[in-house]
Every structure is written in C-alpha cells, then in structure tokens.
Amino acid sequence: MAGLCSTHLLSLTLLVAALLSNGEVLRFDLEREMSKEYNLSHLQQHDRLRNIRHIQPYSNNGAVNLPVEGSFDTGLYYTRIQLGSPPKEFCVQIDTGSDGLWVNCASCRDCQHESLLEAQPAFFDPSTSTTSGFISCSDDKICTGDGSGCSAQNHYTHYYHYGGGYWALVDYVYDVIHLEKSSGTSAINTSTQIIFGCATQRQGAESLNAPIDGIFGLGVQQISTINQLSANGVMPPVFSHCLKRSGGGTLVLGQVEEQNIVYTPIVGGPNYNVELQSIYVNGQQVPIDPQAFGTNNGGTIFDSGTIMAHIVSEAHDPLINAINQVVLTYANVLMGDIQCYASTTRVFSIFPILRFNFAGGASMTLRPIDYLIRQDSVDGAGHWCLGLLKSERVSVLGDLILKDKIVVYDLLNQQIGWTDYDCSQPINISISKPIRRKSRPSRHLRHSIIAIIVITSFLLCLLLIQRVLACLGKARQEHTDSPAQEMEQFS
C-alpha cells in the first residue's frame, strides 16, 4: 500500500514539474465580489499602489536631486518640494522613520503662522489647485492602518504621532508633485499624481526649533512618496540622503552610482529595520549579548527624523563601560542624564574609534566626531557628551550617526547601504539603463505547489485504500461462495 502511494506521489510530483516546465498552468476557479459602485479609476489607482513589488522595468532616465537645508545643530534637515497646479513650494522635513507626506492645510488650526526659516510658511488649499481633490472614506485607494478615520466631511483622515508631543491630523488628498530629473547634463521636468496629507490640526512643531510646512515621510509603507513614485513608474523605490554636519546636503530620489557602498539586508518590520550584530571599541569587541540586537525586538532602525543614536539598554551599558576604559585616564565624567566629559586635552585624540558590524558583512566606522556633541558650560569650558543614549525598547540610528555619509535606502532589493562622503560634493546618479528588480523565487508559488501535492497525494491514498478494501471484500466474498457452489455440483 505504501508503495502504491509513493508511486502515485512521485508521478504527481513529476506531472506538476512537467506542467510548470512546459509553461502550463494549474487552473482554479476564483470568485471575488466587486461593488457595482466601483469605477475604473478606483481600480486603476488600487493596482498602481499595490504593484510596487512586481518585477517591472523602471524609467531610469535620471534621478531627482533635492537640495537639503538645515543642520544637526538645528535638530532637523529639510528640503523643498512643489505640489499642486499651479505649483506651490513647501518646506518639509526629511523623515525616513515615517511614511506619509503631509503639509499644512489652509484650514489648519494651531498651525505655525510664523516661521524661523527664510521663507514664509506655506499652506495647501485643495480648492485653488486644478488637479487636487479629497480622498473620500468610500475610496479604496489607501490603507494606512491604525490612526485612520473619517471626518464629518467624509474625508479620509489619519493621525500622525511623532513623540515628544508632536502630532498632526490630516485629511488625505490627491494632487501632482513636480520633479526635475537630472539626466547627464540635461534636466527633465516631470509631474505625477500622489496621495498626501493636508494637516487640519497640528501641535508641537516648536520643539523642532524651526517650524516647517510638513513632513516628507520616506518610509517603507505603500503610502510613502518613494513607493508611490515607483508605482507610477517614475523611478525605482530607491533613494539616498547625504546630510552635511555643518548644514545642507542632498536628497536623491532614484539610484546612485557611488563606489564603496556597503549593504545590509532590511529584515522587515514597519521601519527601515536592519540587524546590528556587534560593536567594537578600538578594535576590541564589546561583550554584548547577541539577543540584545535581535530582530524579534525590532533590530536597529535607520531614521533621519531622529537626532541622536539610541542604543538598547542591554548593549548601551557595556558600550559606555568600554568607552570609559579608554577615556577616563584623560577626562573626567560629569554627572547627568547624558554621559559627558570634561577634558583639557585634544578630545578627538583620546576618544576611541567605534565600529558597528551589521548582517551581510557591512560595517560602519564611527570616529569621535561622529558620536560626540560639544556642550559649552557656564564657566566657558568645553564639555563633550556622547550622543549615544540609552533606549529601553529598540536601537535607532539618527542624524548624528547618519550625517557625512551617503545612506542608500533600497526598497527594490530590500537593503540599506552607506559610505563616508563629503556631502558638499555632487553625488553620481544612475542614468544608463532601465532597472529591473532582482528576480527572486516566488515563495508563495512554492508553498502553493507543495500544498497541492500534499493534498492531492492524501486524497489519492484514500482512494487507493478504498479500492484495496473493496478488492479484499470482493475476494473474501468469492472465497466464501466457492465451497457452496462446489457442494451444489456434487449434489
């Protein structure tokens, strides 16, 4: 019996393999109920947002270079974008730790009406743009999860919370974003429709030291601007930033072609989560439990919207102890919430070199200037503080660590890369050939085939058992009837 089942299982496996190799398909009848109120534009928009992960060539005739303003000292880096018809400029913070783009709405309550920036604050008015409209609650265009709702005007709303009392309530709208793509020595103006938030309420912007018009969320979710641009075929879902310590820099939407970029895989999660595996201080490994950086705890997040570096407590304490073993001979520790030192010697010569090692063999070297912050005391003496704060939940690498580097967020191939760079210099962009996402085996297809084989084999075995039992019953009946027939013949 087992031999029969094995034989049929092998035959079925070979059959499936033959069908797949010959380009045949396994056919299943699927049904999906669709509302009669759906129109073609709804379906088109749904698919455009959903198909980000599909294998497709992207238009690669250049990338978008956006100048970056702000500095580490002001607590944020920002850029300027143009939305609507006619185009209107908005100043938005670059934030890889959040997903949505939003700007102040003309109807916004509690929005900042005085800006410390050179430009006056801007407000978006959907009624004055010929290409704008609100996303209604009945539209199936976006899904932003927790924090979403519906306003009294039937507008799809979302609540963005950034911590520290900073939050915004937005109505979702659609309109065009205007971009200038660099392609060699030429520039190509392009525009495409995206969905973004129009903030009707907002609080806490004063904590940023410089009021801005909104947030340029470049996270991993579908509502992220980079993913929407990819879904529209404008560019692949890849972008980079280079944040200069003294201020300014560049934000590149599209691929770059700089050398010496090392990559580590994105390990999943709601943010740009990666796996930090170990930390070295002056070439000596810090004794840290590997579970401290476990991806089950969220791993380590790259977040341009965070200022400092936040290290999970299980790794923070051993790291600080290792730094102190090097430094305390030359500097005195100052008591306070943040680890600071007073020293009369050259600080950068006494603090150690740190090296963060990530999955995939990528490492990030941090010089003292990359993790120290100067604080002037009351007596005028210079104090140096570690920008490495303790976190109780997850490790986050903010602008302190990410500045003076090209940092590449590659959603196309699910990886993050970086290299040290002078951010006052231009960045080489990719302008040569169409880009195609690296082909990967379909896990869902493999699982479906395995499930089909297992279920079919089980049913086949049941059928064989039924037939064998029927044959045995028939044989037993014939064996019982034979003596009676022989007796009748003799009589």
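Any Cβ shown, glycine's included, is placed from N, Cα and C.
The annotation active site is assigned in TrEMBL to ASP95 (among others). Counting every protein chain shown, the number of other Cβ atoms lying within 10 Å of the Cβ of ASP95 (active site) is 24. ASP95 (active site) falls within a strand when secondary structure is assigned with DSSP.
Taking the Cβ of ASP303 (active site) as centre and 10 Å as the limit, one finds 20 other Cβ atoms among all the protein chains shown. In the three-state DSSP scheme, ASP303 (active site) is classed as coil. The active site feature in TrEMBL is assigned to ASP303 (among others).
Sequence annotations record features per position, and here TrEMBL assigns domain 'Peptidase A1' to 77-419. Looking only at the domain 'Peptidase A1' (77-419), the predicted model's pLDDT averages out at 89.
TrEMBL lists 1-23 with the feature signal peptide.
Among the features that TrEMBL reports, transmembrane segment is placed at 445-465.
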Query raised in the report: What is the interatomic distance between the Cα atoms of ASP303 (active site) and ASP95 (active site), given in whole Å?
Result: 7
